[in-house]
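Q: One structure, as structure tokens, below. Some questions next.
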Amino acid sequence: MKNLLSMEALTVHEIEHLLEQAAQFKHGKKATLKEQAFAVNMFFEPSTRTHTSFEVAEKKLGVEVVSFDAATSSMTKGETLYDTLLTMEAVGVNVAVIRHSEENYYAGLDKLNIAIVNGGDGCGEHPSQSLLDLFTIKEQFGTFQDLKVAIAGDIRHSRVANSNMKVLKRLGAKLFFSGPKEWFDDSYLEYGTYLPVDEIVEKVDVMMLLRVQHERHSGTEQFTKASYHEKFGLTVERAAKLKQDAIIMHPSPVNRDVEIADSLVESEKSRIVTQMTNGVFIRMAILESILKEQEMRAKVCTY
């Protein structure tokens, strides 16, 4: 794997391999990188989980982390992302993890040799989050085939939803969507069925909630926190109707008592904290896969 830009770029075999490697890391597998490697985490949007878990993953692998602050970089002087990455490549950085507000920011960067891991591109995709979600689901159920998965909330503005709806259908899951119609697009019906939240909770094995992304809204939405929770959120009353073995997921950050009741965030059915933990192991698997391929290419070139 040279880069990780979108879930669509991964084959089912590659996905299964990454999930297996993540499971091995979780059960104590040690890193097997042979050469010194450097990574830079370039975040142009706020991030807690993605940024910190990539950094922890890098350090667990023995990868040196190069500091980068967009606000103090030469990009404030007009330097392009391409030229910034060209610089990183020139000084010996192997992989760049990038979070950017612009969708498809990585278009045109394929000429570079530095590997790119998409840490989220606007409302586009979030492949490492999608992979950790798959890892969490597989840990619980062992399979994706015929699982009923609900994706509920601010779907239109969610890069997580974009990644997950495509890959879950490809892996054999049955998808349901719910949330405000204003934040839904009929193009999603290619992947699943739209239903009101009260018609979904009793059906599904996985209740995947999405944050209300106020920063991406036009300001015309009419929901208060309380009214959103009442109409569309996972309330305590709705959660009581979930199947006995159903799980609750959320990519975080969580708006408590908006998309999910406060008391449910750390409840028995919740896998929200588990998702965060699993994020380190899946990101270790992603980085190891990329860096091992670089090692292999370098070895071939020396003969």
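Including glycine, each Cβ sits where the backbone N, Cα and C put it.
Note that this is a predicted model, so its numbers are computed, not measured.
According to Swiss-Prot, the carbamoyl phosphate binding site annotation covers ARG49, THR50, ARG99, HIS126, GLN129, SER252, PRO253. According to Swiss-Prot, the L-aspartate binding site annotation covers LYS77, ARG159, ARG211, on the basis of sequence analysis.
How about a rundown of where these features are and what they're close to?
A: According to DSSP, GLN129 (carbamoyl phosphate binding site) sits within a helical segment. Around the Cβ of GLN129 (carbamoyl phosphate binding site), 25 further Cβ atoms fall within 10 Å across all displayed protein chains.
On its own chain, LYS77 (L-aspartate binding site) has no residue at least 6 apart in sequence with a Cβ closer than 8 Å to its own Cβ.
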Q: Where does ARG211 (L-aspartate binding site) sit by DSSP, helix, strand or coil?
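A: Once the DSSP labels are grouped into three classes, ARG211 (L-aspartate binding site) ends up as coil.
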Q: Where does LYS77 (L-aspartate binding site) sit by DSSP, helix, strand or coil?
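A: Where LYS77 (L-aspartate binding site) sits, the three-state DSSP reduction gives helix.
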Q: List the binding-site residues among ARG49, THR50, HIS126, GLN129, SER252, PRO253 whose C-alpha is within 10 Å of the C-alpha of ARG211 (L-aspartate binding site), in sequence order, or say none.
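A: Cα filter at 10 Å returns SER252, PRO253.
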Q: Take the Cβ of ARG49 (carbamoyl phosphate binding site) and count every other Cβ within 10 Å, whichever protein chain it belongs to.
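A: For ARG49 (carbamoyl phosphate binding site), the count of other Cβ atoms within 10 Å is 16.
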Q: Do you know offhand how many angstrom separate ARG159 (L-aspartate binding site) and HIS126 (carbamoyl phosphate binding site) by C-alpha?
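A: Here the two Cα atoms lie 6 Å apart.
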Q: Which of ARG99, HIS126, ARG159, ARG211 (the binding-site residues) has the most other Cβ atoms within 10 Å?
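A: Ranked by Cβ atoms within 10 Å, first place goes to HIS126.
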Q: Among the binding-site residues THR50, SER252, whose Cβ has the fewest other Cβ atoms within 10 Å?
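A: Relative to the other binding-site residues in THR50, SER252, SER252 has the fewest Cβ atoms within 10 Å.
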